[in-house]
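Have a look at the structure below before the remarks.
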Amino acid sequence: MRRGGGGGGGGGGRGYGNYTNPCLTMHQPWASLLVYGIKRIEGRSWTTPIRGRLWIHAASKVPEEDTIKAMEDFYREIYAVNGITDLKFPEHYPVSRLLGCVEVVGCVKCEELASWEAVPEGVRLEGQTDFCWLCEQPQKLLVPFEMRGYQGVYNLERKIHEAAIRGLVPVKGPMPVKFPLPNLQDPFSLKPGSISVGFSDNKASVVEKSEGLSAAIAGARAAATQFNKKDQNLLSNTTTNSYSNSTSSGRPDSKSLEEDKMLDSCSFGGSGEEASVPSKAEQLNPIKCEESSRRGQTREDLKQIPGASAKIFAAAVRGLKQS
């Protein structure tokens, strides 16, 4: 196990692989919600490969108004469960920017988090994916600066890290959480299966959901699912084109293969969740993300693009009626 800290300035992540200053590119609004301490759980289909500091970078896609509203409504509802009603959301959701960092202290399964009585009810409701990365101590950059992103967890470049480390300021979220470690001497002890052994054999504690909370959860799920549907269609088209090009030329088309690698469907956590755990080669050789020409726009400036976002709440309502 390698303990990081390279890249200058200290504070590097500690991980199973070759990570010194690990960074994760996420879609907005999830990226800013995490850095602002509102979001405390990062949802994934794979376990976290690191412990310690994780830098958060916002992807190039400008968030749509319906997506922002769905996620803000979701967090209003789950914080209301703990009596917090005065949430202050970010005024802007900038794209293609390094935003700040959080401390990843563990990873548990969704069903474990849902039954974990050692954490507030609202936190338990955040877990909506297979694996839940537990995040503490958010810090944001006073001036988020532009950089390109990569797929999966990747190392922040040394020069970028040296500049970013000097611009961090602590953030106090609406309800900071300290996740208890099963073994205080082992920073990797909070992992899938580590807390379920302490649960009672009796029925697990379940947070009761109001109609408004259920609708907010459905809306948030639909907001994340839009990326899956778009990318699955793109993957199908890309694969078809790649096969056609390979059969005509005798070899795979390199451009199509690169587009295929860049496909990055979104988890409930709002970032590029791969269909499987990224390989070590993929982690150490990330794919360059597309840059956006639209930078730092306010919500009022955002021009909406017709698409899945307009169907978010309709899909949520249909889901509730069917359940």
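Just so you know, glycine gets a Cβ as well, placed from its N, Cα and C.
Going by TrEMBL, these are the annotated features:
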| type | residues | note |
| --- | --- | --- |
| DOMAIN | 24-126 | domain 'ASCH' |
| REGION | 235-304 | region 'Disordered' |
| COMPBIAS | 235-249 | compositional bias 'Low complexity' |
| COMPBIAS | 252-263 | compositional bias 'Basic and acidic residues' |
| COMPBIAS | 288-303 | compositional bias 'Basic and acidic residues' |
DSSP-derived helix, strand and coil totals, residue by residue, for the domain 'ASCH' (24-126): 33 helix, 30 strand, 40 coil
Integer average pLDDT (0 to 100) for the domain 'ASCH' (24-126): 96
